[in-house]
2 protein chains.
Amino acid sequence: MFYEDEIITFLLNSSKEEILERIEDIHPADILDAINDFEGDIVSILRKLPDDYIALIIDQAENDEKYNLLSLFTENRQKKIISEMSSDELVDLLGNIDEDKKEMIILQMDKEEAEEVKELLGYAPDTAGGIMATEFLAIKENMTVGQTLQYLQKEAPSAETPYYLYVIDDKEVLKGVVALRDIIISSFSTSVTEIMNEKVLSVPAEMDQEEVGHLFEKYGFLVMPVTNGLGVMLGIITVDDVMEILREEHTEDLYRLAGLGEGEKLAGSVGNSIRSRLPWLLVNLVTAIMAAATVSLFESTISRIVALATFMPIVAGMGGNAGTQTLTMIIRGIALGELTLENSKQVLMKEIYVGMINGVLLGLIVALLGYLWVGNPVFGFVIGMAMFLNLIVSTISGYFVPVTLKKLNIDPALASGVFVTTVTDVLGFFFFLGLATILIHALI
Amino acid sequence: MFYEDEIITFLLNSSKEEILERIEDIHPADILDAINDFEGDIVSILRKLPDDYIALIIDQAENDEKYNLLSLFTENRQKKIISEMSSDELVDLLGNIDEDKKEMIILQMDKEEAEEVKELLGYAPDTAGGIMATEFLAIKENMTVGQTLQYLQKEAPSAETPYYLYVIDDKEVLKGVVALRDIIISSFSTSVTEIMNEKVLSVPAEMDQEEVGHLFEKYGFLVMPVTNGLGVMLGIITVDDVMEILREEHTEDLYRLAGLGEGEKLAGSVGNSIRSRLPWLLVNLVTAIMAAATVSLFESTISRIVALATFMPIVAGMGGNAGTQTLTMIIRGIALGELTLENSKQVLMKEIYVGMINGVLLGLIVALLGYLWVGNPVFGFVIGMAMFLNLIVSTISGYFVPVTLKKLNIDPALASGVFVTTVTDVLGFFFFLGLATILIHALI
């Protein structure tokens with residue numbers, strides 16, 4: 001472990017040979033952090049590092065930064081670095097650049113590798129096929145433990161994760177998995193079919209990456225094989241990539257709930273932030289105008305009882321908050337697969353009861369407050385009743401909005417918040433100001 | 001892979017012997033799901049399963065459900081199941097029950113195990129020490145590859161993860177790590193010190209679990225050793241536990257942002273949900289009252305220009321939304337360690353610029369809208385200017401509220417939302433209604 005400044009100092013002041021000797025003690029993620037924060041000439045630093053290490057640094061970089069790093073090198077070195085990169089990371093790099101540049105890079109690769117990468121690029125980037133790597137250890141059914149050990153001595157260093165060996169038949173159909181520890185504790189003459197686990201769980205190449213993530217979370221896997229419709233083994237997905245995917249999905253959920261665009265970065269440019277946020281604020285403006293239009297229907301009532309305007313923020317604020325509570329429970333339940341067909345009715349009924357009970361309690365508090373503030377018990381009744389009704393509406397819309405969006409195949413995190421607050425604002429004002437209009441003679 | 005119904009049918013209708021033969025093909029996580037959804041007699045099903053398998057099912061259960069599962073068995077079987085459980089899961093179980101029950105269980109364990117568990121219970125549950133397991137493979141510095149292989153044949157099955165061997169000296173100080181694959185490809189007479197990696201990264205037992213999670217995410221580790229201040233190896237943390245922690249931390253952030261209590265479950269009881277949500281709604285009521293009090297200062301202005309009431313939801317809604325956008329960026333930046341001392345000033349300035357630019361654009365739109373709606377250009381100026389000012393306030397408070405809470409050691413996700421919307425509501429109404437009061441003669 002080095003600190004960033006030490007890393008930079010070491011790399012700047014050491015010869016290529018000195019660096020080669022000590023580089024394996026430094027994690028590529030630390031070098032990436034160090035050069036990202038370093039404001040000097042990073043090219044001359046990177047040129048001192050060996051090709052396989054550069055490939056590891058590019059592996060660590062964000063998808064949209066990978067190509068920028070690669071393009072710092074001459075075409076000749078690029079070719080060498082690419083041949084050291086793992087297939088899944090190379091595909092992530094190629095998926096984020098123009099067609100022209102992509103073609104250029106693929107032309108530089110040797111034929112076999114180019115074929116493999118083209119095949120991987122054929123899978124949608126957010127599916128099992130799009131995130132898998134093709135560097136796995138496969139052994140044939142008829143091999144013994146002794147033959148497997150010989151094979152391992154040759155192949156293990158290039159595999160993504162050498163702890164599991166996949167057993168395939170002549171047609172490359174996945175037959176089972178052997179753990180490395182079982183290889184070690186078996187005699188050389190044992191057949192691999194004797195020690196393999198036939199119940200190996202694989203994912204189809206088309207499976208959504210978030211679903212893959214849930215399988216890893218549920219079963220605690222370190223790696224999972226990916227197969228096609230015929231059971232042919234295509235690649236593996238490793239837990240470190242899954243963690244990255246789950247983190248991205250989490251961030252996406254949070255951002256979408258808040259109305260932030262996907263690409264926005266904390267230390268990004270002002271223009272980037274404007275492009276990320278302004279569209280959401282404009283959508284929100286439309287919904288705010290709907291709330292305003294509701295209020296405008298009752299302007300003559302407000303002009304006669306101006307205290308109504310004072311209590312408007314309470315009705316809208318409380319309804320929005322209660323709606324967001326339900327909404328968040330439901331969105332999280334959908335994301336984690338906890339909201340099922342069996343329990344959906346029970347969850348909805350629970351939400352309605354919660355809305356009613358919170359509505360009664362908060363309605364009574366607000367009614368008392370309204371009575372004391374304005375000095376009229378009917379005013380207390382109006383605000384209390386509006387609060388009660390709005391809290392029930394908030395839990396019902398907090399349930400149905402994300403569930404409906406999900407059914408329409410729209411990410412519920414994306415637009416639910418806007419819809420729910422629109423419903424609670426519009427109906428909240430409608431209940432409050434409508435009741436006041438009906439009971440106006442008792443209020444003046 | 002079985003479906004839940006198949007699992008239940010198989011377990012109900014098979015003899016103990018039949019189950020024993022096929023049980024290793026079923027993942028404990030699937031059995032747990034199946035019995036959770038099954039409404040019949042789960043006790044008679046569970047009694048058919050072997051002790052080590054029951055321990056695996058308890059491992060998979062949520063912390064607060066582990067003891068319920070264990071308590072379905074007789075004291076004698078409980079003892080056997082406990083002896084099969086891994087230390088970290090046992091500690092999770094014991095950490096969620098009464099002192100009395102805890103003492104009872106510890107009394108049932110053999111002396112050595114009891115000592116170990118008591119030591120583990122001494123660490124705070126959300127630290128590296130609180131989540132580590134003590135089942136790791138440690139070899140002495142003076143061992144050879146041949147001796148290591150002999151040791152592995154004996155010990156590997158009980159270890160949490162048998163892919164890394166930790167090399168320790170006579171005082172149990174961590175000296176390095178050897179990957180299982182390097183053992184396989186080395187000759188029997190090689191000394192482990194020759195093939196070990198001395199730069200093994202360990203975490204101190206006191207490190208916060210979220211920080212541990214970030215190290216796993218950054219470096220892509222499968223397992224990390226935990227050491228005390230003297231470098232003595234205490235245990236290991238595995239990536240599957242880390243994924244669970246990261247998921248919990250993320251749910252906690254989402255819940256706290258929405259004002260939901262930690263323990264709330266999607267399909268929990270109504271009472272549980274009320275206890276989780278009502279306190280937050282009451283806090284929000286106080287802040288809504290502050291906004292209402294601000295409005296009440298200007299009742300005489302509103303009574304003369306009632307269109308002000310119509311536009312109030314627009315001012316408050318837009319300010320709240322823009323504030324939430326900044327807030328979410330900052331909270332995520334803090335959680336991922338991306339907001340640092342070096343870039344904090346740059347981030348704040350970016351947020352202010354974003355607030356100004358969005359404020360100008362939305363201010364102009366709203367000014368035009370106000371002018372057209374009310375027919376008075378001064379009204380347009382008032383609402384447009386209020387919008388501009390409120391959007392700047394929203395980004396500044398969206399930045400400073402979470403940063404200040406973090407400095408006070410309060411989780412910024414916990415209370416930021418309430419503070420930010422209070423600031424934007426109160427100041428938004430103040431700007432809007434205050435400007436209208438100053439310019440009242442031009443508005444009537």
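Cβ atoms here come from the backbone N, Cα and C positions, even for glycine.
Whatever TrEMBL says is automated annotation, not expert-curated.
Annotation comment: TrEMBL describes A:196-252 as domain 'CBS'. For the domain 'CBS' (A:196-252), the model's average pLDDT works out to 91.
Annotation comment: TrEMBL describes A:278-298 (among others) as transmembrane segment.
The feature transmembrane segment is assigned by TrEMBL to A:304-331 (among others).
Residues of the same chain lying 6 or more positions beyond the ends of the transmembrane segment (A:352-373) and with a Cβ under 8 Å from any Cβ of it are 307, 310-311, 314, 318, 322, 326, 379-385, 387-396. The transmembrane segment annotation in TrEMBL covers A:352-373 (among others).
According to TrEMBL, the transmembrane segment annotation covers A:379-401 (among others).
Look at TrEMBL and you will find A:413-443 (among others) tagged as transmembrane segment. Sequence-distant neighbours of the transmembrane segment (A:413-443) (same chain, 6+ residues past either end, Cβ-Cβ under 8 Å): 252-253, 256-259, 280, 283-284, 287-288, 290-291, 294-295, 297-298, 301-302, 304-305, 308, 311-312, 315-316, 319-320, 322-324, 327, 331, 335, 376, 378-379, 381-383, 385-386, 389-390, 393-394, 397-398, 401-402, 405.
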Intrachain neighbours beyond the transmembrane segment (A:379-401), with Cβ under 8 angstroms and 6 or more residues off its ends: 305, 307, 311, 314-315, 318-327, 329-330, 347-348, 351-352, 354-356, 358-360, 362-364, 366-372, 412, 416, 419-420, 423-424, 427-428, 431-432, 435-436, 439, 443
DSSP-assigned states of the domain 'CBS' (A:196-252) in counts, ordered helix, strand, coil: 25 helix, 16 strand, 16 coil
